[in-house]
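Chemist: The following feature annotations were taken from TrEMBL:
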COMPBIAS  20-30  compositional bias 'Low complexity'
COMPBIAS  38-48  compositional bias 'Basic and acidic residues'
COMPBIAS  81-96  compositional bias 'Polar residues'
DOMAIN    98-149  domain 'Amino acid permease N-terminal'
DOMAIN    188-689  domain 'Amino acid permease/ SLC12A'
DOMAIN    698-1095  domain 'SLC12A transporter C-terminal'
REGION    1-96  region 'Disordered'
TRANSMEM  189-209  transmembrane segment
TRANSMEM  215-245  transmembrane segment
TRANSMEM  266-286  transmembrane segment
TRANSMEM  306-325  transmembrane segment
TRANSMEM  334-355  transmembrane segment
TRANSMEM  385-407  transmembrane segment
TRANSMEM  419-438  transmembrane segment
TRANSMEM  499-519  transmembrane segment
TRANSMEM  551-572  transmembrane segment
TRANSMEM  578-595  transmembrane segment
TRANSMEM  607-624  transmembrane segment
Amino acid sequence: MSAQKPSLRSGGRFQVDVVTEASSTTSATAPPAPASTEESKPPEESKTRSRSVGFMDPGLGSAMDIGLPPDVFKEPDTTRSDSVSLHSTGTGHTHISDSHSNTYYMRTFGHNTIDAVPNIDFYRQTAAPFGEKLSRPSLSELHDELDKEPFEDGLANGEEPSAAEEAAAALAAKQAKGGLVKFGWVKGVLIRCMLNIWGVMLFIRMSWIVGQAGIGLTIAIILMATVVTTITGLSTSAIATNGFVRGGGAYYLISRSLGPEFGGSIGLIFAFANAVAVAMYVVGFAETVVEMLSDVDALMTDELNDIRIVGTLTVILLLGISVAGMEWEAKAQIVLLVILLAAIANYFIGSFMAIESKEPKGFFGYNTAIFLENLGPDFREDETFFSVFAIFFPAATGILAGANISGDLTDPQSAIPKGTLLAILITGITYVAVAISAGSCIVRDATGDHNDTVSDTVNCTDAACTLGYDFSICKEGGCQYGLMNDFQVMSLVSGFGPLISAGIFSATLSSALASLVSAPKVFQALCKDNIYPGLGVFAKGYGKNNEPLRAYVLTFFIGLAFILIAELNIIAPIISNFFLASYALINFSVFHSSLANSPGWRPSFKYYNMWVSLAGAILCVVVMFVINWWAALVTLLIVLALYIYVSYKKPDVNWGSSTQALIYNQALTHCLNLTGVEDHVKNFRPQCLVLVGYPNSRPALVQLVHSFTKNVGLMVCAHVKTLTRRPNFKELSQDHARCQRWLNKKRIKSFYTPVYTDSLRHGAQFLMQAVGLGRLKPNTLVMGYKNNWSEGDMRDLEIYIHTIHDAFDLQYGVVILRLQDGLDISHIQGQDELMSSNEKPPAGSKEAELTVTLTKESDSDSCPSKTTSSQSSPLILRETKIPLSLTDQRLLETSQQFKKKQGKGTIDVWWLFDDGGLTLLIPFLLTNRSKWGDCRIRVFIGGKINRIDHDRRAMATLLSRFRIDFSDIHVLGDINTKPKKHNKLTFKELIEPYRLKEDDMEQEAAERLKAQEPWRITDNELELYRAKTNRQIRLNELLKEHSSTAKLIVMSMPLARKGTVSSALYMCWLETLSKDLPPLLLVRGNHQSVLTFYS
């Protein structure tokens, strides 16, 4: 490598010299660039900044050719790295790296640094539709020591793409290649919403509504409906502008706001409602066609079958338009809009053209007398304001037609608010204008007879009388014309009648087409999220627009089925309620998100209010019951059933919903509230800090503690990691995530908390002092019995015993579990796989074992174990037998004993010393569980031979006051009897290796040895505690005599005075007391009452 010497120039602050790199095979030269000048830098900067030299491969092309940010090559004052390349992981992630240092942006503000400036591409999801995701340098790359290998996790920021993200990334790349069709706010939202809101109601029901409710109340009905839809539109706009919106419409908006439970339930019924709405609109169209055929006597068969035939042909035609692609569908919508607008204009033009021949049918042109007469209501045939409102409201729906194709919009965040709200405004004004117009120029009743003119003998006061006609005969009924009687009165008023029929066709077909497109799009989004297993087949898309052809076919068959039924009067109210339920949840989403006060809730659309949204949600529910109370109940029951189903299935998704945010807020609030409340004995619950290591290494301990803390108290699985090298906090974080996932997968309600320290004792001290939040703080330390204490370093025993002393010093209760075969199964390879299989492999089968390297360790649901290295984990092949010793086989079976139902048996409680009641409370909590429900509690207490009956009655009274059921009480009057001689000899042999034997050495030597090995047992100590030693030996004899068949023994743990009883003697007591027994819990509370008989 050779380089020119820098020449001093005064051009720019950051300047580099020309560099040429040559080798035997390649050579590259860079054009001369200004060299850096030290004089232009401040003195401090020139001391710390080294001269930057870079290389550039001219074969790379421009920055824009490979999609780099514009500042990578275009900044004149930055250094350039050699062979800058864009690495794609194949998952949508892109790394811009330098081949020599394998780092990212080597040029930031002209510095040779890998720190990157803010960039929108860092914040994209993996499946970014408008560009590939770039990965910023990870904290490890910027912070770790230089000898560490960057990119050790494959992705710079530690993210691992999911299968769904990879598929979406592939789709995004495919879309980038093809000509993707996207719509703006007018074509994509405004036109669709207007076409869906302007329905058949505008032409064949508005006049009847004006006749029933009058102009005033009709306007009130329209405004009420518009208020509901406007509030929903504002809420939709708020959600749509709170981040990038993908396809799925109402389902996407609700699910990403309220979570999969609400989203999954409403998504399914919303897609179904749209599918059935296709049938409703097509049948409306077919009925109009068949009516016209009937007028000219051109029916094919009978009316019902003709409706089915015309409806089937129509839906096939609409399916063809939809499947042809969104472009064709959009063109069809524009044609239908033109026809619809022409029909509306045709009506208004006709309303100014009063023709004498139309007067007998009730149309007189605009007249003040008619306006005043029609201003008030005239409800007939048991109609009321709310029944008329129920008939009109479906005409105001359709506001989500644009949002439902959110994935096909160029800019959904801008298009949905503008298009939806403007459509509501335009259609609302149109409905009001038609109401006022119809009420001002058409009378309520007309005979259609030219001879019904006013005569002098008749007392006539109606508006028609002032215009020369007497329609008073209509009060007796039988008239066919006027607002109340003629549904086709708008055709009468219009300038060209057939154009109104064309408008009816346009309104029905456009609404049907919009629903036929909306249903598959929503259903496809629902299936992609895999909320309902088995529906994934409909998630597949085809073509450049990812069209859901399978969902189109499904929608077609659902629509066709209801068309063939041709009786939609029952299903129609349910469909309207399905739409209203969607509106209610959209409004509730905004309220919920605002209430949760999550920092992630910051919509760019500001014209919303959480309380207005709540009012909108309540209004939607009220309208549901106004329209049809039984349909509303059916809708709510269906939503509830689907909600419960999705909640039970717990789909593996995390969308950062407002439900999560609100749970956090509530948890934080309750935690803070609890800190202001003093503890009360009635509210005591065991909150356990379990020193378990990796949770899957001691499953018996975890399962037993979980049995008496589940839904009752706090459980923290603590892991003290002793340091053998520098702490790897990254590994600690990965272990934390994996082990917490393991606990969740096994449905163990516990937290996992690891800590790095130099010994078990210090780690336990840190955990007992620091773990917890306010009142949610452990009060009981749970440990496994140290089975191998006599085989290891006695310093470890010293640490173990001092950990128990520390717990008592910190006012903790202590619980120790002993199983005769031990607790720790971490040395058995593949134990996690074995634990998940209840069946034993067949005897005599071949043995095989395979160890593989985990490439995605952070995604594994298994905790590491002692047998696994930092990057490998055992994989056990099924249909094979793992080579296990008999001891390990027995250990594995024992480790699962608390996972299964215990069956009939006893829990023997040896409550020898009053510790506040913890020894009694734990077995009571256990018997409340279904696994232990068949077990009965037997209580053993110490007493005197001559007071056995008295002591039994006293204990029975106490237990009954505590309201604790028991099957029997045993008073042990022979506790203080001397133990058997051979058991005493066994104890003597047990303590022999740990005695100090100070009488056999000089005093100074004995003191020095005791200082070096404080766990040694002195002769003085042994003599002082002879009676207590004999009691432990005797208790073991009694335990074997009375409790050898118990499912579990819960026993008061003996205490050792700190500084007086050596660790070895205390451990010998525990060993002697608990050996050769069923599962044994040694319990000692902190001597504060945990039971009370006061209310």
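Here the Cβ of each residue, glycine as well, is placed from N, Cα and C on the backbone.
Please treat TrEMBL annotations as automatic predictions, because they have not gone through curation.
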Chemist: Mind pulling out the one from 189-209, 215-245, 266-286, 385-407, 419-438 with the most Cβ pairs under 8 angstroms to the transmembrane segment (306-325)?
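Modeler: Between the candidates 189-209, 215-245, 266-286, 385-407, 419-438, the best contact partner of the transmembrane segment (306-325) is 266-286.
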Chemist: Find the member of 189-209, 334-355, 385-407, 499-519 that has more C-beta pairs under 8 Å to the transmembrane segment (266-286) than any other listed stretch.
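Modeler: Between the candidates 189-209, 334-355, 385-407, 499-519, the best contact partner of the transmembrane segment (266-286) is 499-519.
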Chemist: Quick one: find which recorded stretch in 215-245, 499-519, 578-595 has the most Cβ pairs under 8 Å with the transmembrane segment (334-355).
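Modeler: Comparing 215-245, 499-519, 578-595 against the transmembrane segment (334-355), the winner is 499-519.
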Chemist: Same-chain Cβ contacts of the transmembrane segment (419-438) under 8 Å, 6 or more residues past its ends?
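Modeler: Beyond its ends, the transmembrane segment (419-438) has Cβ neighbours at 185-186, 188-190, 192-194, 197-198, 202, 206-207, 209-210, 215, 218-219, 222-223, 226, 229-230, 233-234, 236-237, 344, 347-348, 351, 366, 395-396, 399-400, 402-403, 483, 489-490, 493.
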Chemist: May I ask whether the transmembrane segment (215-245) has at least three C-beta pairs under 8 Å with the transmembrane segment (607-624), counting pairs 6 or more apart in sequence?
Modeler: yes
Chemist: Can you tell me which recorded stretch out of 189-209, 215-245, 499-519 has the most Cβ pairs within less than 8 Å of the transmembrane segment (578-595)?
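Modeler: Looking at each of 189-209, 215-245, 499-519 in turn, the most contacts to the transmembrane segment (578-595) are made by 215-245.
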Chemist: Mean pLDDT, the domain 'Amino acid permease/ SLC12A' (188-689)?
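Modeler: Across the residues of the domain 'Amino acid permease/ SLC12A' (188-689) the model's pLDDT averages 85 on the 0 to 100 scale.
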